[in-house]
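So the structure is just underneath, and the comments pick up after that.
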Amino acid sequence: MDRAVSRVALENEEREAKNTWRFVFRIAILLLIVITLAISAAALVYSMEASTPGDLVGIPTVISRAEEKITSALSSNQDVVDRIYKQVALESPLALLNTESVIMNAITSLSYQINGAANNSGCGAPVHDPDYIGGIGKELIVDDASDVTSFYPSAFQEHLNFIPAPTTGSGCTRIPSFDISATHYCYTHNVILSGCRDHSHSHQYLALGVLRTSATGRVFFSTLRSINLDDNQNRKSCSVSATPLGCDMLCSKITETEEEDYSSVTPTSMVHGRLGFDGQYHEKDLDVITLFKDWVANYPGVGGGSFIDNRVWFPVYGGLKPNSPSDTVQEGRYVIYKRYNDTCPDEQDYQIRMAKSSYKPGRFGGKRVQQAILSIKVSTSLGEDPVLTIPPNTVTLMGAEGRVLTVGTSHFLYQRGSSYFSPALLYPMTVNNKTATLHSPYTFNAFTRPGSVPCQASARCPNSCVTGVYTDPYPLIFHRNHTLRGVFGTMLDDGQARLNPVSAVFDNISRSRITRVSSSRTKAAYTTSTCFKVVKTNKTYVLSIAEISNTLFGEFRIVPLLVEILKNDGV
């Protein structure tokens with residue numbers, strides 16, 4: 001019994017001893033952990049100089065600055081990426097497309113000639129210097145932001161004069177017509193031996209050439225082929241166009257005054273001619289009895305034509321036969337265009353009555369003077385498949401001289417301000433199936449022409465008159481969406497007299513600083529302007545061909561004025 005009690009007591013003592021040592025061990029371990037943590041914390045504070053909460057206040061600001069630097073760097077990189085994308089995806093393909101277009105035009109021209117070699121059309125198509133590739137017939141200035149009138153013409157530049165001048169006091173050179181394609185240019189004017197008022201006999205000078213760049217970098221026009229048509233055929237009011245087969249020309253043949261022609265009952269004779277690359281000229285009479293069956297007088301617009309969709313398009317105007325189908329369909333039609341910020345004070349009914357009467361001026365016996373466009377297929381056969389388009393007079397004013405232009409993918413018709421509206425007009429033109437459609441025009445309020453009262457330069461109300469002068473605008477500045485912003489032109493800056501020729505860039509309201517040809521009393525007449533670019537130097541030039549008074553040798557001398565387009569970056 002005692003032995004059993006002793007064993008139990010011994011076991012209890014052993015259990016208590018184990019519990020005591022276990023407790024001591026646990027305390028020791030906890031103390032060791034605490035000491036280790038304390039030493040580690042002290043070491044960390046010492047080695048890292050750990051900040052107190054007060055020291056951490058500026059950290060968000062530092063982080064924000066770092067974020068800004070990173071964002072700025074990323075933005076800068078994005079600008080670089082955008083520029084690379086623009087160059088690779090937009091500009092380079094466009095430049096290649098322009099080059100391809102020029103090459104294809106040249107190949108087309110050569111193809112036409114090769115196919116026509118058997119018909120003696122000639123071979124050896126000329127081509128402008130490579131410096132001009134992509135700089136002819138293009139949208140030369142595309143700018144949405146700059147003020148149009150911050151662009152302006154330089155002083156006139158000396159260059160090679162490619163236009164023959166009169167050689168006697170009674171000689172007269174008048175009515176210049178010019179057109180340029182991607183491969184060559186065409187020029188023509190009328191030559192009268194016995195004064196500018198002689199309507200019975202004249203020559204027609206016609207030339208074909210190319211743009212060159214001299215060794216010193218100067219622009220010049222090089223005539224390669226020319227002919228003086230002196231054959232007792234009195235060609236008048238000629239329009240010229242550069243086509244793949246050479247220089248196509250449309251002329252009327254007349255032996256009477258304009259007033260007498262309007263009094264006749266038959267259409268005016270017309271010819272389609274061509275100066276080939278071989279220097280040979282051929283022409284063919286058009287069947288005007290069929291083509292102009294509703295007309296008593298019909299003339300080319302004197303301004304250049306344009307090669308579009310394998311056809312050449314010429315401006316035409318003249319008098320309609322009273323009560324003919326073409327005349328009847330226009331009866332009651334009219335359009336009124338208004339000056340910028342200068343409205344006509346006349347009653348609306350009176351304005352409408354005067355606008356309707358403006359199409360039938362008394363000078364031409366009350367005949368309706370109509371605008372039109374003639375297109376002819378370009379082939380080795382002249383005068384092939386002619387088609388006449390007569391636009392409605394709800395769009396066009398009284399018929400007048402004009403010009404058909406192509407710039408980029410856009411086509412335009414310029415109409416001389418022979419009626420009451422003085423500011424220059426450019427009608428957008430679309431072509432389809434051999435015919436043309438004209439749309440509401442761009443107007444340039446500061447680009448006026450002189451005229452007789454009540455249709456002087458400042459006129460603002462509809463009236464019946466035949467006045468003005470041919471001074472065409474050339475589309476120069478475009479929006480990126482290809483709509484027109486501004487034009488270049490050489491205008492006669494006088495209210496009533498043909499005086500004071502000045503060149504400028506025009507928007508729809510105002511004009512740039514001007515370049516004056518001479519004094520404000522200098523007499524002048526027709527002007528026609530064409531812009532182009534020397535791609536190598538990225539310089540834009542304008543050839544403005546102007547009739548300037550020349551008292552010693554003939555009444556007028558036709559002068560090819562050349563300017564560079566500059567920009568005032570301060571505007």
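Placed from the backbone N, Cα and C atoms, the Cβ positions cover glycine too.
According to Swiss-Prot, the protein has these features:
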TOPO_DOM  1-26  topological domain 'Intravirion'
TRANSMEM  27-47  transmembrane segment
TOPO_DOM  48-571  topological domain 'Virion surface'
CARBOHYD  N119  N-linked glycosylation site
REGION    124-152  region 'Important for interaction with fusion/F protein'
DISULFID  C172-C196  disulfide bond
DISULFID  C186-C247  disulfide bond
REGION    234-239  region 'Involved in neuraminidase activity'
DISULFID  C238-C251  disulfide bond
CARBOHYD  N341  N-linked glycosylation site
DISULFID  C344-C461  disulfide bond
CARBOHYD  N433  N-linked glycosylation site
DISULFID  C455-C465  disulfide bond
CARBOHYD  N481  N-linked glycosylation site
CARBOHYD  N508  N-linked glycosylation site
CARBOHYD  N538  N-linked glycosylation site
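Features per Swiss-Prot, on structure.
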residue: C196; record: disulfide bond; contacts (Cβ under 8 Å, 6+ apart): C172, R174, G554, E555, F556
residue: C238; record: disulfide bond; contacts (Cβ under 8 Å, 6+ apart): I175, S177, T188, N190, Q204, M249, L250, C251, P300, V302
residue: C344; record: disulfide bond; contacts (Cβ under 8 Å, 6+ apart): K338, Q351, R460, C461, P462
residue: N433; record: N-linked glycosylation site; contacts (Cβ under 8 Å, 6+ apart): none
residue: C455; record: disulfide bond; contacts (Cβ under 8 Å, 6+ apart): S419, Y420, S422, N463, C465, T467, G468
residue: N508; record: N-linked glycosylation site; contacts (Cβ under 8 Å, 6+ apart): Y340, Y442, T443, F444, N445
residue: N538; record: N-linked glycosylation site; contacts (Cβ under 8 Å, 6+ apart): none
Per-state residue totals over the region 'Important for interaction with fusion/F protein' (124-152) - DSSP helix, strand, coil: 6 helix, 5 strand, 18 coil
Long-range neighbours of the region 'Involved in neuraminidase activity' (234-239), counting only residues six or more past its ends (CB under 8 A): 175, 177, 188, 190, 199-202, 204, 249-255, 271, 299-305, 314-315, 401, 403
Spatially closest candidate among C186, C247, N481, the listed recorded positions, to N341 (N-linked glycosylation site) (Cα to Cα): N481
Cα distance (Å, whole number) from C186 (disulfide bond) to N481 (N-linked glycosylation site): 30
Tertiary neighbours of C247 (disulfide bond) (same chain, Cβ under 8 Å, six or more apart): H184, C186, T188, L206, A207, L208, V240, S241, R274, L275
CB contacts for C465 (disulfide bond) [other CB atoms within 10 A, all chains]: 21
Least Cβ-crowded entry, counting other Cβ within 10 Å, from the disulfide-bonded residues listed as C172, C186, C251, C461: C461
